[in-house]
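Noted in TrEMBL for the protein shown:
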type    : residues                      : note
BINDING : G19, G21, K22, S23, Y24, R115 : ATP binding site
REGION  : 39-62                         : region 'NMPbind'
REGION  : 114-124                       : region 'LID'
Amino acid sequence: MSDQNADAKPNILITGTPGAGKSYLCERLAEQLKFDWLDCSKIAKENDYIEEHDEEYDCPILDEERLMDHLEPLMQKGGNIVEYHGCDFFPERWFQAVFVVTCPNKTLYDRLKERNYNEKKLSSNIECEIFGTILEEARDSYKADIVHELCGETAADADKSLKTVKQWYRMWKRK
C-alpha cells in the first residue's frame, strides 16, 4: 500500500538547452496531467527577478534567490512542472523527477537561429549541448535514479517524451 496521499502530485523539472523542446513538452504535460506549468523565465520576467542584462549574450541574468523565494510555497503543494534551461540551483528536495531534453546540434542551431540569437549566444548554447552541460549538471545535482534524458528533435520525439513522462507519473503514483 502506498504511504503517499492519494491526491498528492510530484514536482517534475524539465530542463535542457534553449531550443531543445522543453516548452512544447511542458505545455502538453501540464494540460494532460493537470499540473501547474511554472516557466521560470516567464516568472522571472513578470516579477522582475532579473539582476541585470548581459549585453554580450543579450539575455537577462536571473536573480535565483528571489525566484526560489517565489517558488517555495508553490513547490510545497506539489503538482508542478518546472521549466528552466538550468537546474543546479534548484533544491534537490523539490523534485521527484528531472527530465533533461536534448536535441541534435543541427536542429538546435536552426531553432536558435530562427529565434535571432546573436552569434555569441548561439555558439555558447550549441557548445552547451555538444558537451552535455545541462545533463551533467542534472546528474551532479540530483540523485541518479530521478534524472532522465529525453530527445526533443522531432514531433515524434516529443510524443515519445510525453509518453515517457506520463509513464513515469503512473509508476510514481503506484509507490
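Here the Cβ of each residue, glycine as well, is placed from N, Cα and C on the backbone.
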### Task
Taking the residues G19, G21, K22, S23, Y24, R115, which the record names as binding ATP, find the longest CA to CA distance and state it in Å to the nearest whole number.
15
### Message
Can you tell me how many other Cβ atoms are located within 10 Å of the Cβ belonging to S23 (ATP binding site)?
### Response
18
### Message
Same chain only, please: residues at least 6 beyond the ends of the region 'NMPbind' (39-62) with a C-beta under 8 Å from a C-beta of the stretch. Say none if there are none.
### Response
23, 26, 70-71, 82-85, 117-118, 120-121, 124
### Query
For G21 (ATP binding site), which residues of its chain lie six or more apart in sequence with Cβ-Cβ distance below 8 Å?
V101, C103, G152, E153, D157, A158, S161
### Query
Counting across all protein chains shown, how many other Cβ atoms sit within 10 Å of the Cβ of G19 (ATP binding site)?
25
### Task
State the mean pLDDT for the region 'NMPbind' (39-62).
90
### Message
Name them in sequence order: residues not among G19, G21, K22, S23, Y24, R115 whose Cβ is within 8 Å of the mean position of the Cβ atoms defining the ATP site.
### Response
P18, A20, V101, R111, G152
### Task
Fewest other Cβ atoms within 10 Å: which of the binding-site residues K22, R115 wins that one? Let me know.
R115
### Message
I'd like the per-state residue tally for the region 'NMPbind' (39-62) from DSSP, helix first, then strand, then coil.
### Response
8 helix, 10 strand, 6 coil
### Number of Cβ atoms other than its own within 10 Å, given for Y24 (ATP binding site)
16
